[in-house]
Number of protein chains: 4
Amino acid sequence: MSNSFGKLFTLTTFGESHGPAIGGVIDGCPAGIDLDLEAVQSQLDRRKPGQSKITTQRKEPDQVEFLSGIFEGKTTGTSIGFQIQNTNQKSKDYSHNVDVYRPSHADYTYDQKYGVRDHRGGGRSSARETANWIVGGAVAKEIIKGIKITAFTSSVGEIFIDKPYQELDFSQIEQNMVRCADPVTAEKMIEHIGEIKKQGDTVGGTITCVIQNVPIGLGEPIFDKLHAAMGHAMLSINAVKGFEYGSGFCGARMKGSDHNDLFNQDGSTQTNLSGGIQGGISNGMDIYFRVAFKPVATLIQKQDTIDAKGNKVEMQGRGRHDPCVVPRAVPIVEALSAMVMADFYLLSKAKSGL
Amino acid sequence: MSNSFGKLFTLTTFGESHGPAIGGVIDGCPAGIDLDLEAVQSQLDRRKPGQSKITTQRKEPDQVEFLSGIFEGKTTGTSIGFQIQNTNQKSKDYSHNVDVYRPSHADYTYDQKYGVRDHRGGGRSSARETANWIVGGAVAKEIIKGIKITAFTSSVGEIFIDKPYQELDFSQIEQNMVRCADPVTAEKMIEHIGEIKKQGDTVGGTITCVIQNVPIGLGEPIFDKLHAAMGHAMLSINAVKGFEYGSGFCGARMKGSDHNDLFNQDGSTQTNLSGGIQGGISNGMDIYFRVAFKPVATLIQKQDTIDAKGNKVEMQGRGRHDPCVVPRAVPIVEALSAMVMADFYLLSKAKSGL
Amino acid sequence: MSNSFGKLFTLTTFGESHGPAIGGVIDGCPAGIDLDLEAVQSQLDRRKPGQSKITTQRKEPDQVEFLSGIFEGKTTGTSIGFQIQNTNQKSKDYSHNVDVYRPSHADYTYDQKYGVRDHRGGGRSSARETANWIVGGAVAKEIIKGIKITAFTSSVGEIFIDKPYQELDFSQIEQNMVRCADPVTAEKMIEHIGEIKKQGDTVGGTITCVIQNVPIGLGEPIFDKLHAAMGHAMLSINAVKGFEYGSGFCGARMKGSDHNDLFNQDGSTQTNLSGGIQGGISNGMDIYFRVAFKPVATLIQKQDTIDAKGNKVEMQGRGRHDPCVVPRAVPIVEALSAMVMADFYLLSKAKSGL
Amino acid sequence: MSNSFGKLFTLTTFGESHGPAIGGVIDGCPAGIDLDLEAVQSQLDRRKPGQSKITTQRKEPDQVEFLSGIFEGKTTGTSIGFQIQNTNQKSKDYSHNVDVYRPSHADYTYDQKYGVRDHRGGGRSSARETANWIVGGAVAKEIIKGIKITAFTSSVGEIFIDKPYQELDFSQIEQNMVRCADPVTAEKMIEHIGEIKKQGDTVGGTITCVIQNVPIGLGEPIFDKLHAAMGHAMLSINAVKGFEYGSGFCGARMKGSDHNDLFNQDGSTQTNLSGGIQGGISNGMDIYFRVAFKPVATLIQKQDTIDAKGNKVEMQGRGRHDPCVVPRAVPIVEALSAMVMADFYLLSKAKSGL
């Protein structure tokens, strides 16, 4: 079931970039939840293209339609089907790609694995799929209402926020088009992406996510440690190359005497290099992690590549593409985080106090 | 099923550090595989403590006993049960920990989540569990015989190998006690760990893993991308704080024009910043990734902490502990990698050419 | 994932009787299968209501729309989304049921379990869901082309076929409106259902299913024995009260010396009381089983019942209902059988000959 | 994971009849449960052979050893490993079977599927596996303490109890060696089995199981209806050919006006042909079902059969076998029922009242 996500709260998805619709089935959502459909839609709007001069100018309304599982505004405990029509497919933008393998895309591997491939806009490998995740995440958030999940762009290329997240004002994130929590850095990022775009090039970046007000005890060792499931989720996002939580790769350079988080008497810790998770279980401190995105592979530059017969060909991206995917990925990181947290919340409930 | 790993090739484990035994059940291993029990045992021997002056001096024979699923040297296609006796438990080493929460261990979170806890040696949260994984990995390797998996210590604290893996001689790895692929760096690491040990301190590090001779087409998008499953596996290892593959976090600083892997006419790529995986599916190039380990939390130093009642107490590690866990984790990284690869190999077979 | 069916070939469904649409996601279908959309639709047409004077006169076009996973007529190996619009909902037929618990329906249990309930037409508990299964089954059939699955009505009330299936002419099944493989018995059944309908009553019955040309070796002991998975599937159908395969309940009255199936020299057996499965694995002989359906609970008669507040009320079915559900369930039994067989076929492939 | 049972409360098993041990891993058992190890053992003792003159005279102590997951008498929430040594294997009893396919056993299908086979005592296909299930069931019972599960032999060959279960005195069940709830019928059964045994023959029978004090709301439609999961469990037992619940196959002969269970004002029903489950969800009434067992295939008579090369051979059972397996299967039915109920109880908890 490689198109399903989660154990108790699950999302099963379908859809190609240029088919009639994408969508999915949310299973395991408890009954009786007031579902604010406008809130769901507003999350989708955060992800959709065409929001600013630094994102693709492709316009898609991305209107979610719920088909089941909700009655008179409340979830009924049955599976929630939904779909999002693909209304603005310009398949002909991709007609020149029928037999061409775009470098660092999934064209070659899909073709080798499956033998057939919907080449239009990347087909199933397109990031259009992530719109489904936004819907799943928006429903998940209703299950874990007290938990606060905040993601933001923490670096673009070599430009990064050089403050700990505790010093940032999260209310700034949606105030700038890169979704950076630091306004000054945001300006630099926007300028940099603008330059990259002019070059027909793209640039990578990182997203930091902070999860606050987490109940103690979420996570299911040995193989469903909270951070392992979270890493799995983040590594499922298109273009992600790395995941670290708490001290992350920096922690690998440290000594134990510097790294250990000493306890306060109430069980909280004085530092939080653990990143809110110990032994795979949340300890009530903030969970925070960082996700690395490679630069978008589609360039508005000429590139040498091959076609399906192994002939050398020259290609140039002609579609409408993002020079930097990171700002639009911010709500995706939040959505997947919400699904992971909701899933573990339900798992935890199953086993608690008989 | 939080104690199960994998989808078709699965390992389900049990066992606490100081119980009578640890062990597990391997399900989904195809029938007819010649299982070299000595090869399995030799993998376990690579992980076991007491191998050198820089590891814990705890001695455990770690002898695996297979209980089912093998008949006259061949797997029978039925589930393979196995156990490893815990023969050298010095539980009294931990008797002083009954009510003490060790900093940056899982004592506090296990107690909060479950209400009861086997405090001896960390109980279920102990890295002793990883011996089970070695057994699973050794069986998995028999399924994917052509695939070559090599892990090595790539950094300890601030000391790191400053060459690409292609310039390293993997035959050097087992020639030094830190399992570093570069002999000169190995010497520095050993010296550094020796100093750290004298201080009663610990130090983190990273492991790099390279997987070669990979068939094209392994990986099951959307939610079982090969690298996402691999990341999940690696993040399940005790003390791991981060995972990156291919260009990883460095890739997030790059431009697309530098990052894209251009094709050769045979479908291979001129560079391999993708890390052998595109769109979640292996492309036949080397897979490589890096795993970050925090420093071991048990110090042979005095630390302030609290007990289960919230009283301040002072503690000092008295058990036999590793100053740096990374060298012993090398075979663990390989074992989990083998299980992931075997699982995806079987999944791939299920769906190929009707 | 209680709305998902299968392990490798899976169907995840959604939809209420009177919502905008029902549908689902088929995951795990291999790539490269020619999918005959008209054949799928013709299976749906076999199930749809209003086909004859003995079924409900409700008219629903039940037109399936595929939304993904198929490109230029072939499956692509990605998930297949589909939906069936609910076009002929007469919700007001059910408005009198808002707070009434219909006897032997799921109204009471859904209300008790979930607290909220889409009361219109049974909501999620409606047999309308089975239209989704027809779609899943039609796709599954393409995976196991050589295997022949035939179901037929074997009894209605006290009227039953008194011949072994080997003496029946399966080409007769679709020639009569009860889908009985014996024309003479069919006439009696039709007459009986007509009488029952006049009384505003309903009647139960059984379906026999025969699966031929089965490869040897399908089935995954210990807990996914082929017949156990088949039983699970059949017991998932609305109104099913029992499942037996091979000698079934009759076998429980027999002696071993009468029951054992002696071998021919080619491995086939002289008798087949085993029902084509031994130890949970197909042995190449015909698989056959029988499924018991209770009478439809909705009567066009007055019945005493209660409402959600525990008040006594009198009710009478006013919707358009089947006096006997068995004939329309014949393609459903075939569809679920096909999904089970396809799933085990893929599982078997995963593990065979490395 | 074909050797795993359950979704949240899971049992994963291993073991062949004549290997060193059988055993398993129970995952998902909540923490803090007082586990009465003697109660577990006493359940095992109910199943073990050699209890009376009508069962096999094979003697096995069947002593369960718990290896993890329990600390100071309480479950810790971690996985519970256990094993049962095979102490009384008389493998030479089976040496004559190396290449012989016993009729109506799983020898042929295992050999065809896997290519290799542990022929001793049926290997993995032996009912010895069910001892593992007793352990799982005994732990499960601690989770659902208020629910009362009672199974008994309801028929042997043509001899059956002709009273509804409500008129039976369940305290009689363990008072006779066939575990029949009616003492007079028990005598007849015992006499009949004695005669069958003298003939070197075997006989089938049925077990009825009644589950009382069931909470309303257990069961997870659409594909994990309570009775579908229960049927799957029962059909997993060696020699089972059929499952029916509530009115079962009799219900298929009835009219709706006779079959419907009318409500009392408190939501209970005046009759219970539904068998305590409506729409796949428990309604609080007694759950009851019946399981059909074929006669044991091993006869102490000469039978014609074939060997692995297709040669005709004559064979005669020489091991120690049961003439009727039903009495010893009574605790197995209870154990699997307990596991199903515990699993659904935990699933239900996960989703209830946020």
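Note: Cβ is positioned from N, Cα and C throughout, glycine not excepted.
All annotation found in TrEMBL is predicted automatically rather than curated by experts.
Residues or ranges marked as NADP(+) binding site in TrEMBL: B:Arg47, B:Lys53. Annotation source TrEMBL lists FMN binding site at B:Arg124, B:Ser125, B:Ser126, B:Asn238, B:Ala239, B:Gly279, B:Lys294, B:Pro295, B:Val296, B:Ala297, B:Thr298, B:Arg320.
Where TrEMBL records a feature, it is marked here on the structure.
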residue  : record               : Cβ neighbours (10 Å)
B:Arg47  : NADP(+) binding site : 23
B:Lys53  : NADP(+) binding site : 11
B:Arg124 : FMN binding site     : 29
B:Ser126 : FMN binding site     : 20
B:Ala239 : FMN binding site     : 21
B:Lys294 : FMN binding site     : 29
B:Val296 : FMN binding site     : 27
B:Thr298 : FMN binding site     : 26
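Checking the binding-site residues B:Arg47, B:Arg124, B:Ser126, B:Ala239, B:Lys294, B:Val296 against chain A with a Cβ-Cβ cut-off under 8 Å leaves B:Arg124, B:Lys294, B:Val296.
Between B:Arg124 (FMN binding site) and B:Lys53 (NADP(+) binding site), the C-alpha separation comes to 26 Å. Among the binding-site residues B:Arg47, B:Lys53, B:Arg124, B:Lys294, the ones with a Cβ under 8 Å from a Cβ of chain D are B:Arg124.
In three-state terms derived from DSSP, B:Lys53 (NADP(+) binding site) belongs to neither a helical nor a strand segment and is classed as coil. Straight-line distance linking the Cα atoms of B:Lys294 (FMN binding site) and B:Arg47 (NADP(+) binding site), rounded to a whole number, equals 18 Å. For the pair B:Val296 (FMN binding site) and B:Arg47 (NADP(+) binding site), the C-alpha distance works out to 16 angstrom.
A separation of roughly 18 Å, to the nearest angstrom, links the Cα atoms of B:Thr298 (FMN binding site) and B:Lys53 (NADP(+) binding site). When the alpha carbons of B:Ala239 (FMN binding site) and B:Lys53 (NADP(+) binding site) are compared, the span between them is 21 angstrom.
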